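Notes follow the structure.
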Amino acid sequence: MLLPRHHDPIVAIATAPGRGAVGIVRVSGRGLGALIEAVCGRALQPRHAHYGPFLDAQGEAIDQGLALHFPAPHSYTGEEVLELQAHGGPVLLQLLLARCLEAAAQPDARSGLPRLRGLRVAEPGEFTERAFLNDKLDLAQAEAVADLIDASTEAAARSAGRALAGAFSQQVDTLRDRLIELRMLVEATLDFPEEEIDFLEKADARGRLARIAEALDAVLARAKQGALLREGLRVVLAGQPNVGKSSLLNALAGAELAIVTPIAGTTRDKVAETIQIEGVPLHVVDTAGLRAEDDARDEVERIGMQRSWGAIGEADAVIFLHDLTRAGDPGYDAAERDIEQRLPAGVHVLDVHNKADAAAAGAAALAPQALRLSARTGEGLDTLRRRLLQLAGWQAGSEGVFIARTRHLQALQATAEHLVRARQLADRADAALDLLAEELRLAHDALGAITGRYTPDELLGDIFSRFCIGK
């Protein structure tokens, strides 16, 4: 459900925990005037930065800094907002937070009433929730605030910035408007069956549906790119012991993350690292070596192989690593076939043949899609990076990509499915207009869930609870 008591005035430290040059305490609510005078010692001119002391209950300065007052509705939350920009010490900011709560509860000298009744510390995400409730942001923009804060790459940050500026929402709203127009035509045909004019034929309903579906496909493609920037791709390195999985992880990461020795079975557990390729995060997992029929040499290796298979089952892609120097060995080749047969269906597998620098000249020819590289020298690594991006569906230089989440993709895909059924109904000679109208309504509602127009309260509460306090 929605966060509770969203009419109460709220206060929180808006900057990250820890020491810094500047820290901010933010207050949002109605009627902040008496609180402002108590803490700042004077009224503040709206939307101007005022330098001066922040006062305790005895009128002594706690600190000096900037105070800014934003009257409603011209603020982040759409309510009246006060921001106190002080020095960024954790103890100092807690003092200012406590002072705001204390001053709010004390009676105003003129009215005798509390200066700001009900002021409380904000819940996580409550400032942004109020911005959503007061129509300052739609839901996709509100989520983009959190994604911008959490962005781990420049590309993700820029895409989140586009979503915050409304790039995603505008495209969704355009689709919704076109669906509304078509729904009106269908409803008119249902409501006035005696009219000689066929509203659907006159308005080219089938053509409209096709054009809406085409536009939706374009938005979905951009959303998939944005989701990739946010979520990344989980890639598992798999193969027999001592084929160079840890060396490849180190080469891709550009750092010595995993222990590398000539001894087979050095890696006994998963080692994970997030790397970036052209701004796309890849979560690469190095796993313990696999053996034919899980023929472990000891209990530790058996557990390690179990975890390796578990990681493979959760992967978006598997780099199945082979050792070129051992190709042709009967025991090695038999184990390769056993492992390959046990790889789960539906997982993308890249066949990568390592140790090209040490392989004998004239080594066996590889399959057309297989890659040949050397984790030690770096030969073939750029080709592997490009293949991983292709596998992820990333298109270099994509324009207008906005950040997107899994729920956005699900909503867009649901919309597409309803449009497919709507087009099938519209193409029938005996089209059931009531069924067509229902499919259009469901498509319309699915789109509305992205921006928050038709979103259950439970989902809203879950979204905003994931924000940091003060945002």
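Backbone N, Cα and C define each Cβ position, glycine as well.
For reference, Swiss-Prot has these:
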- Arg26, Glu83, Lys136, Lys471: (6S)-5-formyl-5,6,7,8-tetrahydrofolate binding site (BINDING)
- 232-393: domain 'TrmE-type G' (DOMAIN)
- 242-247, 261-267, 286-289, 354-357, 374-376: GTP binding site (BINDING)
- Asn242, Thr261, Ile263, Thr266: K(+) binding site (BINDING)
- Ser246, Thr267: Mg(2+) binding site (BINDING)
Quick check: of the binding-site residues listed here (Glu83, Lys136, Ser246), which one has the Cα closest to that of Lys355 (GTP binding site)? Ser246
What number of additional C-beta atoms lies within 10 angstroms of the C-beta atom of Lys355 (GTP binding site)? 23
Cβ neighbour count (within 10 Å, all chains shown) around Ser246 (Mg(2+) binding site): 23
Using the alpha carbons only, what distance in Å do you get between Lys136 ((6S)-5-formyl-5,6,7,8-tetrahydrofolate binding site) and Ser246 (Mg(2+) binding site) once rounded? 49
By the count of other Cβ atoms within 10 Å, pick out the sparsest of the binding-site residues Arg26, Lys136, Lys245. Lys136
Could you tell me the mean pLDDT the prediction assigns to the domain 'TrmE-type G' (232-393)? 83
Which same-chain residues, if any, lie at least 6 apart from Ser374 (GTP binding site) yet have Cβ under 8 Å of it: Asn354, Lys355, Ala356, Asp357, Ala358, Gly380
Using only C-alpha positions, which one of Arg26, Glu83, Ala288 is spatially nearest Ser246 (Mg(2+) binding site)? These are the binding-site residues in the record. Ala288
Separation of alpha carbons, Asn242 (GTP binding site) and Glu83 ((6S)-5-formyl-5,6,7,8-tetrahydrofolate binding site) (Å): 58
Around Ala288 (GTP binding site), how many other CB atoms lie within 10 A of its CB? 27
Check the DSSP secondary structure of Arg26 ((6S)-5-formyl-5,6,7,8-tetrahydrofolate binding site), expressed as helix, strand or coil. strand
